[in-house]
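Here's the structure we're looking at; comments come further down.
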Amino acid sequence: MQLEELQSRNGVAPPGVDEENLGHPSEQPPKTPKKLTLIPLIFLIYFEVAGGPYGEEPAVQAAGPLLALLGFLLFPFIWSVPEALITAELSTAFPGNGGFVIWAERAFGPFFGSLMGSWKFLSGVINIAAFPVLCVDYLEKIIHPLESGWPRHISILISTLILSFVNYTGLAIVGWAAVLLGVISLSPFIIMSLIAIPKIQPHRWLSLGQKGVKRDWNLFFNTLFWNLNFWDNVSTLAGEVDKPQKTFPRALLVAVVFTCLAYLVPLFAVIGAVSVDQRDWGSGFHADAAEMIAGKWLKVWIEVGAVLSAIGLFEAQLSSCAYQLEGMANLAILPKLFGSRSKWFNTPWVGILLSTLITIGMSYMDFTDIISSANFLYSLGMLLEFSSFVWLRRKLPEIKRPYRVPLRIPGLVLMCLIPSAFLVVIMVIATKIVYLVSGLMTVGAIGWYFLMKFCRENKVLNYSVAEDEEER
């Protein structure tokens, strides 16, 4: 096969062809220009991963101040940087909606593309369902009837629908809304850190923990994993980014640095300025620390910021799930209907609607084991993603990569082995119920692939034009 044909079939422009106007091989050229520019993309990545330093506090509770600080200093190099580098290379090499689904499909065929899509989609929508609940949890402190019963259920439903409608209006609005939400939600932490400077006692940073408090390694590593994860989610929006070959690497670089600083600066400030029982460092402690450092007004601001952060997380991750389904439809893994776009806003309305309906259903369930299962499925997906990355370098070395990780295949294997080992540890310490739920979900994902294959081969549903793997 000639190089030009191989590149065209994998979403890369051959010489002399304008890359920006070349869509996915099964798609027509876009009718409207890509709208996501650098600044909104940076904040969308930020909300895919973090949304602020909310939720980092249990790391101190689990292992003490020094190990918590070292964790947020070192873990980005172990996990975040490799995942961001992989996302940068593959998103620029295959700049279409679907992201990691495209990578797995190109590397190992449609079965693994479908399996990757199912694992990541289930993990994503379960994760999204937590954010409207979090919003109501903060609002109930002011509006007490929201604590239980039908007022709580109705408020969760209404908040989910409103946030989903905002997503429906388009990525341009969602992207700039993420910028605004990011600035407002981070501002109180900047103010708290500045006020804390005169009160900081550096020796507190070196504490290995309080005597009598046993280290909880499971909580410690899961906290780091949860707060520095999901860098690849934004890859499903690659088809909506202006000049993705240039914009993606820059946005990921800035977002990694920005996110790490957003975690570390408040953590250094609060640990150094506040002396409390280590067991008080639970989720939400930053708000209590703000009251100790500056007063009630800053605590309220941080609590409001938590709601805004949850909104940003919801919008960013719902966008990823919706555009992932569109990308799977373009690959003929899902019926063509899943790629349908709104005539008003040019957004994948079917993906948004389906993700919203599942999110609403999940919002009323007990999350403890379900979210753990979602993390397990995400870990399986990441192992497949690392494998796809290395295999694509070997399988398609001639594909144009506007950004390329500056390592040969042995170096890439080593780069992927370290975070993969961490994923294996996370999976090994899972509970039996997590194994059961994750196993059932995986069996369901495999069954779904063969159902879709049957429907495609027997023309039960309409699918986009796509070549079978055997013909590639």
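Backbone N, Cα and C atoms are what each Cβ position is placed from, and that goes for glycine too.
Here is what TrEMBL says about this protein:
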- 1-33: region 'Disordered' (REGION)
- 36-55: transmembrane segment (TRANSMEM)
- 62-81: transmembrane segment (TRANSMEM)
- 121-139: transmembrane segment (TRANSMEM)
- 174-197: transmembrane segment (TRANSMEM)
- 252-276: transmembrane segment (TRANSMEM)
- 300-323: transmembrane segment (TRANSMEM)
- 344-364: transmembrane segment (TRANSMEM)
- 376-393: transmembrane segment (TRANSMEM)
- 405-427: transmembrane segment (TRANSMEM)
- 433-451: transmembrane segment (TRANSMEM)
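The stretch from 121-139, 344-364, 405-427, 433-451 that makes the most Cβ contacts under 8 Å with the transmembrane segment (300-323) is 121-139. Counted over residue pairs 6 or more apart, the CB atoms of the transmembrane segment (62-81) and the transmembrane segment (344-364) come under 8 Å in fewer than three pairs, which marks the two as apart.
Sequence-distant contacts of the transmembrane segment (344-364), counting only residues of its own chain at least 6 positions beyond either end whose CB sits under 8 Å from a CB of the stretch, comprise 31-32, 124-126, 128-129, 132-133, 153, 156-157, 160-161, 164, 167-171, 318, 321-326, 337-338, 370. The stretch in closest packing with the transmembrane segment (36-55), judged by the count of Cβ pairs under 8 Å and taken from 174-197, 252-276, 376-393, is 174-197. Of the candidate ranges 121-139, 252-276, 405-427, 405-427 has the most C-beta pairs within less than 8 angstroms of the transmembrane segment (376-393).
Residues 42, 45-46, 49-50, 52-53, 56, 60, 65, 68-69, 72-73, 76, 80-81, 84, 87-88, 186, 189-190, 192-193, 196-197, 199-202, 204-205, 227-228, 231, 234, 285-286, 289, 292-293 of the same chain lie 6+ residues outside the transmembrane segment (252-276) yet bring a C-beta within less than 8 angstroms of a C-beta in it.
Within its own chain, the transmembrane segment (405-427) has Cβ neighbours under 8 Å at 78-79, 82-83, 85-86, 88-89, 221-222, 225, 375-376, 379-380, 382-383, 386-387, 389-390, 393-394, counting only residues six or more beyond its boundaries.
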